[in-house]
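Undergrad: Per TrEMBL, the features are:
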- A:20-38: transmembrane segment (TRANSMEM)
- A:69-276: domain 'ABC transmembrane type-1' (DOMAIN)
- A:73-98: transmembrane segment (TRANSMEM)
- A:110-134: transmembrane segment (TRANSMEM)
- A:140-159: transmembrane segment (TRANSMEM)
- A:196-216: transmembrane segment (TRANSMEM)
- A:254-276: transmembrane segment (TRANSMEM)
Amino acid sequence: MSNVKSRLRKEKIAKIAMQLSGMAITGSLFFIVGTILYKGLPYLSWEMVSQSPQGGFYIGKEGGIFNAILGSLYLATVSTALATLIGIPISIYLNMYVKSGSFLERACKLLFDVLFGIPSIVYGAIAFSIMVWIGIRASLLGGIITITLLTIPIVVRTIDELLKTIPIDLQHVTFSLGSTRWETAKMFLRYIRPGIFTAILLAFGRAIGDVAGVLLTTGFSDNLPKYIDEPSATLPLAIFFQLSSPIPEVQGRAYASALVLTFIILIIVICTHLLASKQQKHKI
Amino acid sequence: MNWRLIKDKLAERSFALLLLSSVVVIFLILIGLTMKSVPLLRAESLLTVLTDSVWSPLKGNFGFLPFIMGTIWVTMISLIIAVPLCVLASVYLVEYASEALRKMVLPLMNVLAAIPPVLYGVWGVLFVVPILSDYIAPLLGVNTTGYTVFAGGIVLAVMIFPIMISIMVEVLQTIPQELKAASLSLGATKWETITKVILVKAKPGILAAIVLGVSRAFGETVAVLMVCGNIPQLPSSLFDAGYPLPALIANNFGEMMSIPLYDSALMFAALLLFVLIFGFNLLSRIILNRLEEKAQ
């Protein structure tokens with residue numbers, strides 16, 4: 001063939017293009033984290049993370065974002081716990097109690113897949129109007145309910161994936177030995193335990209980073225969150241509000257707050273990764 | 001009855017109840033959104049609401065076209081950037097890259113997926129917006145603040161990388177080895193095999209990945225809101241500010257109580273998002289489930 005050279009040249013160009021796009025995509029991650037690190041580090045101080053906003057915090061005077069960190073941790077912990085308590089039984093039900101391959105199973109799994117993609121602003125909007133309707137104001141409770149709804153599909157889908165990896169023979173063996181479905185389910189939960197922690201961490205990461213859901217439902221407050229029926233600050237919202245300030249000092253604090261959130265997320269991701277490799281080792 | 005069987009039944013009933021209630025909640029959301037949107041749709045027809053380009057709630061004009069166009073602009077820009085990059089990169093990961101490289105890059109995609117929207121927004125404000133206003137716009141002879149649909153599209157593109165890459169890689173891994181071997185043994189180069197065999201075969205899956213990316217882009221709120229200017233106008237170039245639908249809801253909720261129909265209009269926006277994204281997700285999940293069944 002006469003055009004072999006040009007075909008091979010094309011191959012080379014395509015390969016370079018592919019490598020470049022791979023690098024661009026992977027690079028974007030380091031780029032984002034790098035930008036936040038570079039801008040945020042100069043403003044990060046112990047005061048930032050250990051104090052609540054004092055008078056004049058929003059014009060650049062002393063104080064910190066401890067209230068927001070605490071609020072976010074409360075919110076994410078409680079809603080992740082709730083979502084786990086609701087989500088795990090649902091996926092056990094779908095995998096062990098419902099006949100495998102039945103319409104109910106397929107329809108429900110599809111539904112949770114689809115819900116996984118519904119943006120938090122929709123949950124936030126509906127939760128907000130329900131709260132207005134029954135007359136409760138923006139509060140930690142409102143945020144917890146919204147974020148729980150948001151994270152249930154994550155837990156259900158992740159646990160479902162894990163349960164699917166358990167060999168079907170194991171189920172047959174336990175049944176044939178006379179155990180009930182519930183007893184088998186308990187055993188399976190022990191079997192996928194590292195994976196459950198992964199699911200919890202995934203949900204926690206989503207919960208702590210969400211803005212649109214808490215924007216309308218949780219409100220904002222300069223005080224440390226004490227009661228569940230009071231508005232509370234959250235870390236992502238603190239970043240959002242401080243960034244829209246025209247004062248450079250306050251903007252700098254937004255970068256530092258973003259850095260704090262980045263650290264939290266990175267810790268979660270690393271733990272998830274370690275747990276996931278542990279789960280791999282458990283495989284039969 | 002045996003106590004163990006009672007426990008089993010008890011678990012079954014309560015789990016079924018949990019499942020039922022979470023499904024019911026979804027339907028309640030849909031019904032609630034629809035009911036809240038009814039007042040607006042009673043005042044104006046659906047067609048007018050969707051095609052009118054004037055948004056001035058004080059005068060009772062609720063034209064959604066600027067927001068719909070804003071959403072379409074940022075989504076299209078992000079797709080134009082992200083789709084080619086993701087297709088190329090995932091083909092590389094599956095066909096060329098070593099196992100070690102794949103094992104390193106895919107977890108990084110999970111990190112990218114775990115980064116909260118607000119951090120993408122911060123990155124957009126700190127990096128994308130200044131680059132656009134200080135370097136790229138002057139190069140093209142345009143004057144802009146940088147808060148444009150272009151900035152929104154770039155930020156969104158990075159946000160939809162992980163979901164598209166992870167699904168495309170999964171889809172490409174299901175392509176049978178025999179097909180590639182047949183093409184290569186006929187003398188095709190690797191690149192020709194990729195474009196004429198692998199990508200053709202993987203088309204439905206890639207499409208599904210793109211649709212999932214679109215629905216992610218449609219619903220993304222805060223990151224886009226922070227960088228795209230939020231002016232309710234019809235964008236006519238990359239360097240115009242836009243105002244996507246989710247940003248409309250996020251910016252105006254809470255202060256809408258005194259203006260008639262405003263609250264209904266915002267709920268209609270939420271309904272629109274819910275229905276569109278639900279539909280898109282449903283479509284791509286059905287395609288992906290089919291593919292998965294076929295692969296097994």
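Backbone N, Cα and C define each Cβ position, glycine as well.
The shown structure was predicted, so the numbers you read here are calculated from the model rather than taken from an experiment.
Provide an account of the burial state, proximal residues and distances for the features listed.
TA: Beyond its flanks by at least six residues, the transmembrane segment (A:20-38) meets 255, 258-259, 262, 266 of its own chain at Cβ-Cβ distances under 8 Å.
For the transmembrane segment (A:73-98), same-chain residues at least 6 beyond its ends with a Cβ under 8 Å from one of its own Cβ atoms are 104-105, 108-109, 140, 143-145, 147-148, 150-157, 159-160, 163-164, 171, 181, 184-185, 188-189, 196, 199-200, 203-204, 207-208, 214, 218, 225, 232, 234.
Proximity of distant same-chain residues to the transmembrane segment (A:110-134), defined by a Cβ-Cβ separation under 8 Å and at least 6 residues beyond the stretch ends, is recorded for 142, 145-146, 149-150, 152-154, 156-157, 160, 210-217.
Residues 71, 74-76, 78-80, 82-84, 86-88, 90-92, 94, 109, 112-113, 115-116, 120, 123-124, 127-128, 131, 192, 195-196, 198-200, 202-203, 206-207, 210, 213-214, 217-218, 225, 227-232, 234 of the same chain lie 6 or more positions beyond the ends of the transmembrane segment (A:140-159) yet place their CB under 8 Å from a CB of it.
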Undergrad: By Cβ distance under 8 Å, which residues at least 6 away from the ends of the transmembrane segment (A:254-276) in the same chain are close to it?
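TA: Distant Cβ neighbours of the transmembrane segment (A:254-276) are 33, 36-37, 39-41, 43-45, 48-49, 65, 68-69, 194-195, 197-198, 201-202, 204-205, 208-209, 235-236, 238-239, 242-243, 245.
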Undergrad: When you scan the chain for residues with a C-beta under 8 Å from the transmembrane segment (A:196-216), skipping those not six or more beyond its ends, what do you find?
TA: 72-73, 75-77, 79-80, 83-84, 87-88, 119-121, 123-125, 127-128, 138, 143, 146-147, 150-151, 154-155, 158-159, 162, 189, 234-237, 240, 261, 264-265, 268-269, 271-272, 275-276, 279
